[in-house]
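A single structure is presented below for examination.
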Amino acid sequence: MNALEKKAVVNTEKPQEQASARGRVLVLIDGSKMSYAALTAAAGIAGKRNADMLGVFVEELNLVRSAGYGFSREVGSVSGISRPFDPGILEQRMRRLADHARVALAEAVKQRGGRAALSIARGHVIEEVLALAGPDDLLVLGRAGWSSPAGARLGSTARRLIRQAPGQVLLWCEQRLPYQKRVVVFLNDHEEANHRAALAAAEIARHYCQPVTVILETDGEPAADQIEAIRQDLDVIGPGTRLQILSDTNPLTVARVLREERASQLVISRECALFNAPGAEELLAALSLPVTVTP
Amino acid sequence: MSLPTPLTAEQVYHQCPLDQLDFDTTDALKDLDLPFGQERVLRALEFGASMRADGFNLFVLGPAGAGKHELVERFLAKHAEGQPVPSDWCHVHNFDFSDRPRAIGLAAGQGRQFKKDMSDLAGELRTAIPATFESEEYQARLQELQEEITKRQQQSLFDIQKEASANNIAMITTPAGFTFAPMRKGEVIDPEDYKSLSDEEKALIESKIEELQKKLQQAIQQFPRLRKELRERSHTLNEEMVQLTLGGPINELREKWRHVPAVVDYLDAIREDVVEHAEAFQDSEKGPPNGLLDRYKVNLLVDNAGTSGAPVIYEDLPTHQHLAGQIEHRARQGTLYTDFTLIKGGSVHRANGGYLIIDARRILSQPMAWESLKRILFSGEIRIESLERLYGLASTMSLQPEPIPVSVKVVLLGNRMLYYLLSQHDPDFLDLFKVEADFEDDLNRDDESYGLYARMIATIARQLKCRPLGRAAVARLIEHASRLAADQRKLTAHDRVLRDLVSEADHWANRSGTATIEVEHLQQAIDEREFRASRVRDQSREQIARGIVMIATEGEALGQVNGLSVLRLGASMFGRPTRITATARPGKAQVVDIEREAKLGGPIHSKAVMILSRFLASRYGGDGELSLSASLAFEQSYGGVEGDSASVAETCVLLSAISRLPLRQAFAVTGSMNQHGEVQAVGGVNEKIEGFFEVCRGAGKVRGQGVILPATNVEHLMLNSEVRKAIADGDFSVYPVTHINEAIELLTGMDAGEADEKGKFPLGSFNRAVASRLRRFAEASKKQGGRKGSRERPGEESRG
């Protein structure tokens, strides 16, 4: 049997289940363009879910401390020019960023409706976020990156949060190619995780009016009951759904499948074998599309 | 001297002999391919059309309605049949200089194929190139490239971060860049705690941080170079992929068009252009922008696919744009745009390699058109430029299409006056139009020409889709053609008049329901035409009949004669008698031309009066001084007098005034005279005679009236049937005269008298009476002069 075997299953029934209003939508704002793009996306989701928004702005302690040294200098990420870096400059910049975050959050909420709050804390980003996020919350963050191309790199904060966050994490990235038009969800043999991932994919598909491709990872022939469970999930997802069975979790194969499917968004569960496969992080880093990681 | 014999009815009209027409109707006659009697034009056309050298363009000159256009088009169409079909021409985008579209010449019929090939290629590019960019191979290679560069970029940062970590230094991302700080157990050391470190430790850390900062600076400053490398390598990759995709179709076309180097060059330019704009083809949804693909279109300016032989083009509105072509613009949101696809060829483009027929008057009346045509003919190429650019009125950027070489034979059609004016005033004209094709106004009427003329009429009838003409109708038309030519030995060559007559006769035949045009239909057509144009003529005759304009047609009168004049109104003309009067008394030798004094006489008329004045002096003055103060006037004439055709009448009336002998008013006189008294031919004799005949008829019964005309005019007579009948009945006479004496004798009934060797005229003769009276005038003048002189100089003796 080939490593990749395609099976198309078209679900013609209408979705029976609406995503219920769940917890808050947390969005991590660090002043970068990517974080503001994530804020816009988060506001859209919150509007659809009718959920509250919580902007999280963390003044990274290590950064604050590093500005305290008299010899500290900041090297520009684009120009490479080195210039003095002192607490006064940093404080001023932090305040400006926080103010800007507040305004941006208010703007985003004003457009989409709903309530929003901004949490400003000083500490370590991951700890502060984990302290705020609950299992029902959706955490939205932009891919932090050192440099171009935008969103191509997965920052260390993002890497840790997608693994450690108690609930769903949406790793946002601005889409570049207009012909990407399918939501791809990876499923495997963990039934509950599959269901959660399927629900998330269904919500995204509805939000963006795009069909879903379900990719089932399995070592051999999938069991009949497994197929049946997935079919039930497909009913949830909605019409136009396609099912593919993939027996190879090599990140390169996955990347090719995603290209072939013209994936616009990816949904994957932390329980999924692919997520824990070696090279998965590099794959996520290389993908230029929003990724939703479900528990 | 014996009186001249009046002309017979046969002499005043040249009947068409029916036995010369060997057919029943014109249906039996074959078409005439080329008109007869126009050998001069045909030879000129043949020469001009075949002559290849520069400047041998043609000017076909002849009166309006002579059928110049029809003949030239027919001749050239036949002449061009056997000639090669000229090239197709197209404009394509110039990839080096976009404002100067290139011109490509292709064998006839290949232009369409080339256009289709390029359209197909553009279609293929539209789909094949995006497909290439979408391909797995391209995406993978691009991604690899991006990853490699990103990796190299990030690796340099990772290396610095790694080095920093190894030295317990944290590399921290700030909102605008990076900073370094000492670290302990993964945390940045609090600055307060840092103070507790020894000076050596601090110096070590700080020097390391400084070193790392420098390395980081260097690494970051390498990023633009890496990005440039990424761009360059992506471009190279794009080029490679496009080259592979394009290779097949372009090479196929190169092979197909290898016989046209310009097309091969163009295909190469397209290949380079596509590679250069490879990125624009990457959008597989919308495809490449239309503006990009439109540049690969072909603007087929001249398509000779359907042409057989050389083209013969008639430009009915020869403006600058219609001749040389134009660059059109497309309005888009209030702004005008153009590109090479909006270049429109002109008639010179279409006629390139063939013949272009233009009406001379029209081209001269269009601004700049004549200059543009001359420029094209001089340079041998067509440059498409707008008038506003030529005039320097517009300085906006526009296209300058590559000039197209042109080899066209221009045939200008115009009247003679235009030809002579152009020859006189345009120094370029004779350089460019070396062949003059002059139309004959009239054709010879002889036994050979009857059959040919009949065939010409048959051809006209068929062309006009009219009924055939019966034999008698053809004969009548031939006779009318002689009348139109105003010559018994000529036939008119005016195509338009004949066509109009045939059409009208066909109309009357249709009304009478006959299958052929008979003589009565033709006569009706002639009469109706005359009637339609007769309003002014009838008004004039009515005024004479009512005595408002005084014309005597009987009796005798002193110093009064009927002159004959002709009025031309539009296409029609009619004759009208005019009373000419004279007075005479002693005086200094002068004949006052009242018309000239009143500035109503033209120069030719003045000349004629001067001639008659010198005739009088030489004939009657002898060696002595002529004492005469005479005056001449055209009575009730207010519109001016021109011409010398009244000089015989003027001489007669003046002699009557001098001699005090009356003239017969039943005669009207026409003819010019020289200084020796010989009578010379004049124009419009038919109209003049018919005009006087009508006036006589209007005044009562025609009996005994007549017209005196120059004998040399007899062969111009083609009088209408009513006049002919009156002549045949002896009621009306036409007297041909060769000398003034004959006119005098007819008008006075006296012998004119020839002078003997001493210059004396016989007793009782008219001239003797004139000479005697003039002598008395001279004596009277002398006496008067003597009295005047004695009053002035008392004591001086009067002599002579």
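Cβ atoms are placed via backbone N, Cα and C, with glycine included.
Just so you know, TrEMBL annotations never went through curation; they're auto-generated.
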Can you identify, from B:125-159, B:195-229, the stretch that TrEMBL calls coiled coil?
B:195-229
Tell me the Cβ neighbour count for B:Ser645 (active site), meaning other Cβ atoms within 10 Å of its Cβ, over all protein chains shown.
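So the number of other Cβ atoms within 10 Å of B:Ser645 (active site) is 29.
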I'm trying to understand the geometry here, so how far is the Cα atom of B:Ser645 (active site) from the Cα atom of B:Lys688 (active site), in Å to the nearest whole number?
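B:Ser645 (active site) and B:Lys688 (active site) have their Cα atoms 11 Å apart.
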Which chain-mates of B:Lys688 (active site) that are at least 6 residues away have a CB under 8 A from its CB, listed by sequence?
B:Leu564, B:Ser565, B:Val566, B:Gly575, B:Ala668, B:Thr670, B:Val707, B:Leu709
DSSP three-state call for B:Ser645 (active site): helix, strand or coil?
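Once the DSSP labels are grouped into three classes, B:Ser645 (active site) ends up as coil.
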